[in-house]
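Worksheet: one structure, shown below.
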Amino acid sequence: MRVLTAAQMREADRITIEELGIPSLVLMENAGRQVVAAIEALFPNLESRRVAVLAGRGNNGGDGFVIARTLLERVVEVPVFVIGSLSEVRGDARHNLEVLGRLGASVVEIADEQAWELHFSEISQCDLVVDAIFGTGLRQALDGMYPTIVGDLNGSGLPVVAVDVPSGLLADTHEVQGEAIRAAVTVTLAAPKICHILPPAQRVCGELVVADIGIPEAIIERLDGPYVEVITRGVMRSVLEPRDPEAHKGEFGRVLIVAGSMGKSGAAHLAAMAALRSGAGLVTVATPRSVQPILAAMAPEYMTIGLPEDADGQVTPDAIERVLDTASDVIAMGPGLGTGPGVRAFVHGVMERVGVPIVLDADALNAFAGEHARLLAGRDGHDVIITPHPGEMARLLGTTTEDVQRDRVAAARTFAEKHQLHVVLKGHRTLVAAPEGTIAINMTGNPGMATGGTGDVLTGVIAGWFGQLLDAEGASRLGVYLHGHAGDLAMADLGEAALTASDLLTYLGDAVLELSAERTSKGDDHDE
Ligand SMILES: NC(=O)C1=CN([C@@H]2O[C@H](COP(=O)(O)OP(=O)(O)OC[C@H]3O[C@@H](n4cnc5c(N)ncnc54)[C@H](O)[C@@H]3O)[C@@H](O)[C@H]2O)[C@@H](O)CC1
Ligand SMILES: [K+]
């Protein structure tokens with residue numbers, strides 16, 4: 001499901017209106033009626049309720065006037081307030097304001113703070129408030145009387161249904177600058193925007209409903225510019241289905257895991273088992289010689305290779321040849337490798353000559369921190385996927401974790417485009433950035449997964465699918481989706497605190513079965 005910017009939304013509106021010929025009034029009518037449909041679904045026995053509609057002076061307000069008219073048809077008391085001066089209402093909004101007038105509806109103008117204070121008590125007697133003050137047209141943080149209005153509404157305890165965007169949020173950013181409506185429900189039009197998907201803004205949107213107002217999906221899919229999309233179950237099902245049964249699954253399933261060091265054998269084990277549980281045909285773990293017998297004892301399913309090591313039990317550059325000579329379709333390198341100087345030289349050496357697609361994680365990424373980052377580049381035919389957590393991303397970018405977290409989309413997209421590789425930026429709502437700048441946002445997973453080893457599992461899951469699909473973007477998105485989904489299934493049984501990385505291995509199968517199952521009941525809201 002595409003996530004649009006305000007500009008892309010306006011462009012989709014424009015194409016629909018000017019090229020396709022659906023009048024903007026029809027879009028506004030659809031918008032208003034879809035919001036009412038959502039209200040009726042979420043707030044029963046509407047007929048006995050009083051619903052206050054607060055309308056701004058732009059088209060968001062226009063939606064509000066349509067909503068008021070539609071609610072009036074359901075014999076609901078609907079006091080309408082224009083927030084701003086009536087004279088400034090223009091165009092489609094003006095048209096719908098005049099229609100309301102002809103129906104005899106009372107519209108009260110609230111042009112300043114005094115008027116607000118005067119009418120707020122009447123509004124607070126209502127059961128529900130429709131926020132149609134600002135939508136995607138908001139250009140900067142609220143000022144003037146608006147912060148007071150938003151603050152009073154947020155403090156009133158009244159449920160608010162936000163039209164398109166909770167007023168005060170800027171559609172294109174996940175940040176909350178100044179006061180913003182805390183909505184019980186946000187009914188956004190045609191497609192979600194960044195503010196609905198990424199925290200902290202996402203947290204004030206309440207339940208998100210994406211309303212179809214008549215803008216064809218094809219128009220949205222065709223908008224230019226690197227796009228952002230939500231990883232949905234529907235899209236993941238298509239990735240999972242064998243496009244051509246003979247062409248993959250098993251033929252390319254040889255995964256080489258280069259991981260582990262003295263005291264960190266578990267990371268290698270978790271990555272290897274995750275690859276096996278993701279359908280990899282053959283998994284080999286290449287690990288320092290003194291760690292090899294320990295790993296060999298941990299599981300019969302994968303093979304092991306002992307690598308030249310230093311006194312600390314970490315790989316050295318002498319191990320490069322051994323890794324490059326081992327047949328594999330995909331390599332996953334990094335979990336538990338350690339951070340000694342020999343490790344960095346080893347990682348650089350492998351990267352310079354590797355001939356197969358590679359997933360880099362953890363210590364393999366730390367080897368490229370700062371000035372070494374320029375060595376990290378994808379080459380045609382040898383896709384590179386990196387799976388940094390915010391701290392590792394910061395080291396690769398030569399910046400701070402706070403900077404990365406302040407604008408995760410920019411951090412992931414910048415590095416992916418500059419180094420022509422795939423970035424899986426982990427964290428709440430993990431992002432998957434492709435070299436051409438597209439961003440996919442994952443909605444599965446939970447805080448219980450912030451526990452040791454879950455990153456090693458993700459590396460193995462991505463490598464396991466990568467070896468079968470040989471499509472870096474598909475494997476990254478599917479891996480992140482299934483990893484989080486397994487975590488959600490595990491949490492449902494075990495709770496957040498008890499959840500361990502090994503539990504993810506146990507639930508990966510269920511996650512795949514659930515994904516490939518035909519859904520009978522309505523799925524989660526990111527279903528399609
Ligand atoms: N264009 C279309 O065909 C459709 C638009 N729709 C609605 O139109 C909305 C966008 O409408 P508009 O672009 O008119 O803008 P809004 O209605 O979101 O904002 C109203 C006006 O507030 C002013 N404004 C911006 N920032 C401000 C600030 N910080 N303080 C005070 N005033 C500020 C701007 O002049 C803006 O025009 C969407 O969110 C959606 O609700 C829907 O009806 C669907 C169809
Ligand atoms: K709004």
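Cβ atoms here come from the backbone N, Cα and C positions, even for glycine.
Same-site candidate for K(+) binding, as annotated by TrEMBL with ASP131, SER167, chosen from ASN59, ASN60: ASN60.
The record from TrEMBL ties LYS426, GLY427, HIS428, ARG429, THR430 to AMP, and of the options GLY448, GLY452, GLY453, GLY455 it ties GLY455 to that site too. In this structure the C-alpha atoms belonging to GLY455 (AMP binding site) and THR136 ((6S)-NADPHX binding site) are separated by 37 Å. The Cβ of ASN60 (K(+) binding site) lies under 8 Å from the Cβ of ALA132, ILE133, PHE134, GLY135, THR136, GLY137, VAL163, ASP164, VAL165, SER167, each on the same chain and at least six residues away in sequence. Across the fold, the C-alpha of ASN59 ((6S)-NADPHX binding site) and the C-alpha of ASP131 (K(+) binding site) stand 12 Å from each other. Taken in sequence order, the binding-site residues ARG139, GLY336, HIS428, THR430, GLY455 that lie near ligand 1, meaning a CB under 6 Å from one of its atoms, are ARG139. In three-state terms derived from DSSP, ASP131 (K(+) binding site) belongs to an extended strand segment. Its own atom aside, the Cβ of GLY455 (AMP binding site) has 26 Cβ atoms within 10 angstroms in the protein chains shown. Residue pair THR430 (AMP binding site) / TYR146 ((6S)-NADPHX binding site) shows a Cα separation of 34 Å. Cβ crowding, taken as the number of other Cβ atoms within 10 Å, peaks at GLY336 among the binding-site residues GLY336, GLY427.
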